[in-house]
Amino acid sequence: MNILPTERRSLIVLFGATGDLATRKLYPAMLKLYEKGNIREHFAVIGTSRHKIDDEKYREIVEKSVAKETSNKKMVSDFASHFYFVTHDVTNVSHYANLKDKSAELDKKYALGGNRVFYISMAPNFFGTVAKNLKTQHLLSENGGFNRLVIEKPFGRDFESAKQLNDELSAAFEENQIFRIDHYLGKEMIQNIEAIRFGNTIFEALWNNRYIDNIQVTLAENLGVEERAGYYDNSGALRDMVQNHIMQIVSLLAMEQPVAFKDTDIRQEKVKALRSLRVYNVAEASTNFVRGQYGGVGNSKEYRQEDGVPKDSNTETFVAGKLLFDNYRWSGTPFYIRTGKKLADKFTRVDVVFKKPLVDIFSFPQSGSTPLNANVLTIFIEPNQGFSLMVNAKNSEQGFHTEPVNLQFLEDSKRTKETPQPYERLIHDVLKGDGTNFASWPEVASAWKFVDQIRRVWDIQQPMFPNYIPGSMGPVSADELLARDHREWVYKLNK
Ligand code: NAP
């Protein structure tokens, strides 16, 4: 079904316009929105950074960064004609006057109705400074248009720093004007979790501790730290992946049904779920979380030998953990999570493991029959998009034996390729003013409080690193975490 696009009017002021994220992700995403008509005549972008370049040079940068998206040169140059550059040091208060004048000029030229998006695609230490200066230097429009602030990750490095940053942002913007990017929330199949859960009686009716034995979330990467070593070594997998992406996925899986499918209702349920997540004491944190760091094999360097990583680094490149919710729906049903670098493959998936039938009437040990398997709903998030449901069925051989059969739906590669990329969806949501797929402050705060507890324990315990080999699924302790509970990971190597 083709739904006609609604054109969104706005000025986008982009801080960090010459950076990696802007050129690799943001301009291509904006081009897609332009191609589809979500932005068209009434939009303009002011790119800023300390670079001394003019509009023409900036448009060349933009055109180059979208070149591989289309062969339509005319469209690309029409698109790029909406881009303007202002040389600007965000720490220099006097520079904001130029930006203010340019914003007013473009607002008039493109009839933007005073709508403004301020997108900070810069290192996080600048987020607070920019927000404050936007307010004090009167960059926010006051003629009835909207003012929205988009913030990249990471949002703090613990609860305290996140709170301080949030206080700085809140001094200039209301919570409903702040869009904290978690690009996982822009992924098609993450958004599909809500459709699968709340659009299907067969799942939602069973979505609780009576019928679900455990839920597993895996975000696996097969690459190492590559050129991000400097940033990564200061962060580690717990801060880089668990606090944000994994906690967001878990909250979508654990939340109650929202009253309506709208951002405020969904946020409310996610926050409630995260508030009932058990924050561990020292003993629980030590038992329920394990960490790893990759070693080397063949030409594959161990983490401590990577360029920019200290030789004695104790930064974790792998995390696995057990999460427990103390609420009526989930009490007793653990959520197991894991993420890491240099693992066997690159993929993200969720496995929902249902309980086995209480009585197995097909069990005839004397005739060698196999016991029933647990039903497993797997949500494939990337690279494949789709889901599968493992059910027990009779096999067609002589006698009566059951075997697991997979009911599977995978988007074909053409549809997967056409699926809007996260940044396209998320920028569109910002222009619409829809905060559904962004992390709200109470969610971020709860996630940090949980993660800080694990970090505290790890900071005082000496790890035995390196402890897993590249191409594996992490350290043995990650398997032991589940084995202790008489469970195992659904996705295993050699299966
Ligand atoms: P980057 O490549 O280092 O770009 C930083 C930008 O900020 C450059 O345009 C730089 O230009 C500008 N800048 C630096 N200091 C400035 C100042 N004082 N005043 C004005 N402009 C200044 O960083 P990035 O990789 O694009 O990352 C941007 C943000 O996105 C970060 O928060 C990062 O954590 C987040 N992020 C990035 C990625 C990614 O794939 N790159 C993924 C997820 C999240 P000048 O030096 O010319 O001023």
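Placed from the backbone N, Cα and C atoms, the Cβ positions cover glycine too.
Annotated in TrEMBL:
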- HIS245: active site, proton acceptor (ACT_SITE)
- ARG50, ASP89, VAL90, LYS153: NADP(+) binding site (BINDING)
- HIS183, LYS187, GLU221, ASP240, LYS341, LYS346: substrate binding site (BINDING)
- 13-192: domain 'Glucose-6-phosphate dehydrogenase NAD-binding' (DOMAIN)
- 195-489: domain 'Glucose-6-phosphate dehydrogenase C-terminal' (DOMAIN)
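Positions of the features from TrEMBL, shown on the structure.
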{"residue": "ARG50", "record": "NADP(+) binding site", "DSSP (3 states)": "coil"}
{"residue": "ASP89", "record": "NADP(+) binding site", "DSSP (3 states)": "coil"}
{"residue": "LYS153", "record": "NADP(+) binding site", "DSSP (3 states)": "coil"}
{"residue": "HIS183", "record": "substrate binding site", "DSSP (3 states)": "helix"}
{"residue": "GLU221", "record": "substrate binding site", "DSSP (3 states)": "coil"}
{"residue": "ASP240", "record": "substrate binding site", "DSSP (3 states)": "helix"}
{"residue": "HIS245", "record": "active site, proton acceptor", "DSSP (3 states)": "helix"}
{"residue": "LYS346", "record": "substrate binding site", "DSSP (3 states)": "coil"}
Those binding-site residues listed as ASP89, GLU221, ASP240, and which of them has the most Cβ atoms within 10 Å of its own Cβ: ASP240
HIS183 (substrate binding site) as reference: those recorded positions from ARG50, ASP89, VAL90, LYS153, HIS245 with C-alpha within 10 Å of it: LYS153, HIS245
Entries of VAL90, ASP240, LYS341, LYS346 (binding-site residues) sitting next to ligand 1, with Cβ under 6 Å as the cut-off: VAL90
Rounded inter-Cα distance in Å - HIS245 (active site, proton acceptor), LYS153 (NADP(+) binding site): 10
LYS341 (substrate binding site): tally of other CB atoms within 10 A of its CB: 24
Cα-to-Cα gap, LYS187 (substrate binding site) vs ASP89 (NADP(+) binding site), nearest whole Å: 33
Farthest-apart CA atoms of HIS183, LYS187, GLU221, ASP240, LYS341, LYS346, residues recorded for substrate, distance in Å: 20
Pairwise CA distance, ASP89 (NADP(+) binding site) versus LYS346 (substrate binding site), rounded so that it is a whole Å: 38
By Cα-Cα distance, the member of binding-site residues ARG50, VAL90, LYS153 nearest LYS341 (substrate binding site): LYS153
Proximal residue to VAL90 (NADP(+) binding site) among binding-site residues GLU221, ASP240, LYS346 (C-alpha distance): ASP240
Nonlocal neighbours by CB distance (under 8 Å) for ARG50 (NADP(+) binding site), same chain, sequence gap 6 or more: THR87, HIS88, ASP89
DSSP three-state assignment (helix, strand or coil) for LYS341 (substrate binding site): coil
All-chain count of other Cβ atoms within 10 Å of LYS346 (substrate binding site): 12
Recorded NADP(+) binding residues, ARG50, ASP89, VAL90, LYS153 - maximal Cα separation rounded to whole Å: 21
